[in-house]
Amino acid sequence: MGFKCGIVGLPNVGKSTLFNALTKAGIEAANYPFCTIEPNTGVVPMPDPRLDALAEIVKPERILPTTMEFVDIAGLVAGASKGEGLGNKFLANIRETDAIGHVVRCFENDDIVHVAGKIDPLDDIDTINTELALADLDSCERAIQRLQKRAKGGDKEAKFELSVMEKILPVLENAGMIRSVGLDKEELQAIKSYNFLTLKPTMYIANVNEDGFENNPYLDRVREIAAKEGAVVVPVCAAIESEIAELDDEEKVEFLQDLGIEEPGLNRVIRAGYALLNLQTYFTAGVKEVRAWTVSVGATAPKAAAVIHTDFEKGFIRAEVIAYEDFIQFNGENGAKEAGKWRLEGKDYIVQDGDVMHFRFNV
């Protein structure tokens with residue numbers, strides 16, 4: 001289980017450059033709109049130094065990180081919800097993703113044209129958010145018409161669903177985001193099947209120049225917008241990231257040291273996406289493989305077992321658990337057992353990030 005994050009943005013904001021760096025896919029990042037029409041998909045390993053630390057102790061035959069999927073969706077333009085600039089296709093592609101990474105241009109460069117002729121992150125964000133809201137408004141209005149008929153017939157579920165739709169309708173009419181409405185669990189469940197675009201967790205990826213991480217008024221503007229929406233901002237320099245992506249591991253370390261950076265910005269993008277979707281990692285560690293697995297925060301041990309195989313959940317008996325810190329501190333399973341840090345947990349155990357687990361099951 002990974003997740004699918006759609007990378008969106010206006011044409012020429014650095015979206016494909018960023019995606020290429022993420023996946024080393026080498027898509028045509030040409031300096032004109034719509035050079036990405038079919039979405040390009042890349043599966044990216046989740047950067048997690050804990051895997052290497054576990055492998056140092058266990059000495060497995062192989063190491064397998066958990067992954068996530070990024071989808072490069074063509075540059076959206078004003079009017080996309082009415083089909084402008086191949087808009088319908090783009091919006092349908094976004095609908096299939098779990099989260100949105102919205103790339104916003106926060107740099108000046110006369111060689112790279114901006115579709116609106118000027119750099120204004122607020123305008124750029126408004127343009128895309130308006131298109132997403134208009135697409136949702138269309139879905140919402142059609143749903144209301146259908147639900148009214150069922151509600152009149154006394155359908156309780158339809159009545160509740162209708163009340164939620166009527167709650168979000170005025171927000172969408174004002175080009176607002178459904179995610180800022182503060183719907184409760186029951187309300188969210190009622191409209192889940194509609195896959196609303198403005199309900200998807202969103203991070204703003206601010207594409208800056210090499211020296212644009214500080215004292216950058218464009219970046220400050222994006223942070224202000226995100227704070228109002230409850231969204232995350234991850235500043236990166238796509239140009240630097242594409243250079244880093246071409247280097248081997250040794251050169252990468254040197255290059256980052258020269259720039260005074262601890263890790264590639266893309267690692268922050270991937271981790272922010274992970275957090276956005278409320279995901280966490282647990283590990284299995286044996287001589288055959290040390291492997292990372294993705295589960296939702298709050299998942300029980302049987303649900304975590306199901307990620308490996310559904311049989312593990314069906315026949316779940318117990319989970320053997322060692323906290324990651326204990327596994328490292330006591331140099332593996334035997335040391336953790338001697339220190340009393342190895343434990344057996346039942347089906348109600350809530351998995352913690354970094355747990356090293358082994359499942360006992362019977363099918």
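Residue numbering: from 1, along the chain as shown.
Keep in mind that glycine also has a Cβ here, set from the backbone N, Cα and C atoms.
Some features that Swiss-Prot has for this protein:
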type	residues	note
DOMAIN	3-256	domain 'OBG-type G'
BINDING	N12, V13, G14, K15, S16, T17	ATP binding site
BINDING	S16, T36	Mg(2+) binding site
DOMAIN	278-361	domain 'TGS'
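Set side by side, the binding-site residues N12, S16, T17 differ in how many other CB atoms lie within 10 angstroms of their CB, and the most is found at S16. DSSP states for the domain 'TGS' (278-361), grouped as helix (H, G, I), strand (E, B) and coil, give 25 helix, 33 strand, 26 coil.
Counting every protein chain shown, 27 other Cβ atoms lie within 10 Å of the Cβ of G14 (ATP binding site).
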